[in-house]
Amino acid sequence: MSSLFNMTEIIFLGFSQSQHLQKVIFVMFLLMYTAIVLGNGLIVVTIMSSKGLSSPMYFFLSYLSLVELCYCSVTAPKLIFDSLLKRKVISLQGCITQIFFLHFFGGTEIFLLTVMAYDRYVAICKPLHYVTIMNRRVCGFLVGAAWSGGLLHSAGQAFLIFQLPFCGPNIIDHYFCDVHPLLKLACSDTFLISLLVIINGGSISVISFAVLLASYVVILHSLRSHTAEGRRRALSTCASHLAVVGLFFIPCSFVYMRPCITLPVDKIVAVFYTVVTPLLNPIIYSFRNTEVKNAMRRLVRRKMSWEAK
């Protein structure tokens with residue numbers, strides 16, 4: 001274990017070494033992160049404080065927004081802070097910690113999206129039994145299972161990385177720590193570890209995507225017997241979910257479901273699943289939803305009336 005800490009710090013190359021571009025990056029990501037915090041935070045507060053948004057769909061959405069907020073916070077604040085510095089450094093222990101939380105919240109999000117697809121399946125295909133099947137206890141269990149699945153996934157990734165000795169070079173061509181870039185810094189054979197990393201991350205993605213695909217195949221098949229208005233409302237809800245799934249799964253699959261190699265384009269792709277998806281989640285899921293918008297208006301009016309008193 002002593003060899004693990006021969007390399008005590010890691011240097012990020014980030015997006016650019018140009019001082020001008022780093023200022024642009026600082027402003028851009030600061031604005032995006034602020035919007036993510038405000039948008040997802042507003043969704044969580046609105047759903048928790050509104051009695052009219054008590055259905056399982058909104059229950060899961062509140063947790064998805066919370067996870068998106070936490071997930072983005074693992075990488076974005078460090079990126080914003082580093083864009084002001086010439087030398088972007090993180091300790092080795094901090095790097096492994098970042099990997100743990102990145103995969104914890106990322107894995108939890110994958111499982112939550114799968115749970116939400118199951119919720120839509122029950123709502124559309126078994127509407128008469130929906131309240132019975134998706135009761136409060138079941139919803140709580142599914143959310144707990146999503147968090148537990150994310151924890152097991154991230155603990156597995158961090159454990160595999162922690163077994164390796166790192167002795168340099170200590171430079172990563174990225175803006176945050178992740179499994180593939182860090183494996184390149186190991187000074188031992190990483191073939192088996194790389195294989196286990198791919199199996200760990202790939203199996204979750206493949207199984208979850210298969211469940212999502214199966215759910216929507218059944219949903220689309222069952223919609224044939226619905227009225228035109230029923231089909232329109234169901235497709236609107238499902239389209240929002242599929243948009244978030246696509247924005248998250250496609251770039252994640254590109255990075256994690258391949259041999260442990262790093263590509264220059266990985267940094268740009270990572271922006272989509274660490275920043276863009278959490279940014280668009282409030283717009284795709286909530287700000288197009290009349291019930292959520294009305295609940296937000298009521299919440300703002302209530303807050304203004306309290307301040308007036």
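The backbone N, Cα and C atoms fix where each Cβ goes, glycine too.
In TrEMBL, annotation is done automatically, which means it is predicted and not curated.
Restricting the average to the domain 'G-protein coupled receptors family 1 profile' (39-285) gives a pLDDT of 86. Per TrEMBL, the feature domain 'G-protein coupled receptors family 1 profile' maps to 39-285.
Through the fold, the transmembrane segment (24-45) approaches residues 14-16, 61-62, 65-66, 68-69, 72, 76-77, 79-80, 83-84, 275, 278-279, 281-283, 285-286, 292, 296, 299 of its own chain, all at least 6 residues removed from its boundaries and within a Cβ separation under 8 Å. Per TrEMBL, transmembrane segment is recorded for 24-45 (among others).
If you look up TrEMBL, you'll see 57-76 (among others) marked as transmembrane segment.
The feature transmembrane segment is assigned by TrEMBL to 96-118 (among others).
Same-chain neighbours of the transmembrane segment (138-162): 4, 56, 59-60, 63, 96, 99-112, 114-115, 118, 179, 182-183, 193, 196-197, 200-201, 204, counting only residues six or more beyond its ends whose CB sits under 8 Å from a CB of the stretch. Annotation source TrEMBL lists transmembrane segment at 138-162 (among others).
TrEMBL lists 191-222 (among others) with the feature transmembrane segment.
If you look up TrEMBL, you'll see 234-256 (among others) marked as transmembrane segment.
With a cut-off of 8 Å between Cβ atoms, the residues of this chain six or more beyond the transmembrane segment (268-287) that come close are 29, 32-33, 35-36, 39-40, 42-43, 46, 61, 64-65, 68-69, 71-72, 74-76, 102, 106, 174-176, 178, 240-241, 243-244, 247-248, 251-252, 254-255, 293. Residues annotated as transmembrane segment in TrEMBL: 268-287 (among others).
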